[in-house]
Amino acid sequence: MFGDYSLGDLGSIFVMQGFAGLILFSVYVLMALGLAIIFGQMGVINMAHGEFMILGAYVTWMTSNVFQSYLPGLFSGYFFLAMILAFVASGALGMLVEWVLIRHLYKRPLDTLLATWGLSLMLQQAYRSVFGAREVGVELPQWMLGSLHVTDSIEVPINGVFVMCLTVLITLSVAYVMYMSRWGRQVRAVVQNRIMAGAVGINTEKVDRYTFGLGCGIAGIAGSAFTMIGSTGPTSGQLYIVDTFLVVVFGGAASLLGTIASAFSISQTQSTLEFFMSGSMAKVLTLLAVVGILMLRPQGLFALKVRK
Amino acid sequence: MIINSRFFNRSELIGFIVLAAVLFVILPLSLDVFRLNLVAKYLTYAFVALGLVLCWGYGGILSLGQGVFFGLGGYCMAMFLKLEASSVENTKIQSTPGIPDFMDWNQITSLPLFWQPFHSLTFTILAIILVPGLFALIIGTAMFKRRVGGTYFAIITQAVAAILTILIVGQQGYTGGINGMTDLRTLKGWDIRPDHAKVILYFVEVVLLFACIGIAQFIRLTKLGRILVAMREQEDRVRFSGYSVANFKIFAFCMAAVFAAIGGAMFALNVGFMSPSFVGIVPSIEMVIYTAVGGRMSIFGAIWGAILVNFAKTSLSESFPQLWLFGLGALFIAVVLAFPNGLSGLWADYVQPRIDRLFASRKRKPGWNDNSVADGAPAE
């Protein structure tokens, strides 16, 4: 297997595959962050999470088209506005969905799964009717094209680096909001003991709505970042939803650090294996390993010690 | 609470007679062979729905991987049929005669070892039952013994469905890939494709379905069924009473898997092919929806759910392909939000009282309310 390559080549291969894995890692982390908030904190299984992500991607695509037609001079900076719009659009839809659907189902977590699956089917069809069945891709601004030459044999694409920086930034802000801010404390209080949280004066319904909205909004940002590295179609979200759930469960549902660690290990395993075998077998082996480990350790990598 | 000594109570007996009349008499007499074959296809999902009633409705275990077992059963059957269709005479134009065509296209020159036993029909029938059963046993033991349940179990079964689909699609040379196993022809020399064979297969399937209904009803009526319900409502209390909760869950999950596998095998026979598009996450969740629409607590309801949702799917997606997904999505949400017990719940709430009143007015004084005490309500 290794015979045909020199040691230097092998090193470069591992670095390049590792970098490809890092991009996958970014997508996983961005999607899983929202899901970790919704599933890990609220216990709601949101099967439509992928569709919230795709909404963000479509918003980004529309913004880029608007900038191209009307504001070509500002095109290089459109992405930052698009990201904010994606967050707002997905977050608003998320809050609406929470109000119409989810708030009736907090006591029946398995039923949220079915209801949100229905929602995801409707959203997919809506995207297909509005944007067409074909995949769309955004045009990247000039500064994001090209790649950085690290050494002779190692090149890293700039858009990948950008998505990674974005991931780090968003992860840090989510960690800040959840663990440092007053609002994050309220969210965690509601999760740990809803009745007591209500008794000390927290408006639990409002906290629920904003938490769900925040999770969906982060999914929107994930979709926005996703357009930088791939094209968007009505069913693209569904491709990632199972992987993302596995990432969250594998990390230990309530732990942000666990989510990041599991996203890292899953994406790195997969992209390293992909070099040695076909993509499908790499994925099968990775998922099998995850399921196998979960069977031995159902609480995930980082388990929160709480008394139930 | 009085345990019913009869196998069916009155309303179940009515349900049984209506279903038997529709499936054995009305549909075969009123539909042409093409439509009857479609009904046969819908009924394969009824097997899965029946299993889900036991495992989800009664046991409270939501499995999103029933497509895995449906697929395993279907692939076992399809492998046998494919081998019979790939006899040396039929495949003499291939570079290696006597192996299935997709293997030849993928430069495989001899039959893989795990295909060999599928030359035997006895082995195949055993495999249809045992392979999914054992697989469910392994998953169930690993999960339930560690007290993993609820949403985690649902997600893990879903992941298993994803893995199996990717595996089948990826290993094209051994499984036929994304196209699946097509061009299935004969069963022990008996051609399964002409019209009269389709009719016979339909009746075989209905008989099997009623056998499975009998088994499910038997499980429901015995102490086992009562423990399943008790477990769903108050798992800890059952555990503290000295029952091994995990073993009962494993049993329910395995039964559901075996029912699904029988459905899958009948699918391969009736429809004439098997492909990974019946294995993955989307079909698995659709199977759950058939059960939910029909009523997760009702054996007959789930079967009607499978038939009606599939019928709606065929007719709507023929005429309004865009509306279908909206309709299906709305159906999911409506079932969960508005009527969680599905069609059978609606029946029990609105139609059943009228029928009861009709019977009651003959026997007793009119105005007697037969329904005031729900018979499922546990006394705390």
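Cβ coordinates are placed from backbone N, Cα and C, and glycine is handled just like the others.
What TrEMBL says about a protein is an automatic prediction, not a curated fact.
Noted in TrEMBL for the protein shown:
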TRANSMEM  B:12-30  transmembrane segment
TRANSMEM  B:42-61  transmembrane segment
TRANSMEM  B:121-144  transmembrane segment
TRANSMEM  B:151-174  transmembrane segment
TRANSMEM  B:199-219  transmembrane segment
TRANSMEM  B:240-267  transmembrane segment
TRANSMEM  B:287-311  transmembrane segment
TRANSMEM  B:323-343  transmembrane segment
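By the Cβ criterion (distance under 8 Å, sequence gap of 6 or more), the transmembrane segment (B:42-61) is counted as touching the transmembrane segment (B:287-311), at least 3 such pairs being found.
Take the transmembrane segment (B:287-311) and the stretches B:12-30, B:151-174, B:240-267: counting Cβ pairs under 8 Å, B:12-30 has the most.
Sequence-distant neighbours of the transmembrane segment (B:151-174) (same chain, 6+ residues past either end, Cβ-Cβ under 8 Å): 61-65, 67-68, 71, 75, 102-103, 106-108, 112, 115, 139, 143, 180, 276, 279-281, 284.
Outside the transmembrane segment (B:12-30) by six or more residues, the chain places 36, 39, 43, 199, 202-203, 206, 209-210, 213, 217, 300, 303-304, 355 with a CB less than 8 A from a CB of the stretch. Under 8 Å from some Cβ of the transmembrane segment (B:121-144) lie the Cβ atoms of residues 65, 68-69, 72-73, 76-77, 79-80, 152-153, 156-157, 160, 187-188, 245-246, 249-250, 253-254, 256-258, 260-262, 264-265, all in the same chain and six or more residues away from its ends. Sequence-remote contacts of a segment are chain residues at least 6 beyond its ends whose Cβ falls under 8 Å from one of its Cβ atoms, and for the transmembrane segment (B:199-219) they are 7-8, 12, 16, 20, 23-24, 28, 33, 36-37, 39-40, 43-44, 46-47, 50, 53-54, 192, 225, 255, 259, 262, 266, 269-270, 299-300, 303.
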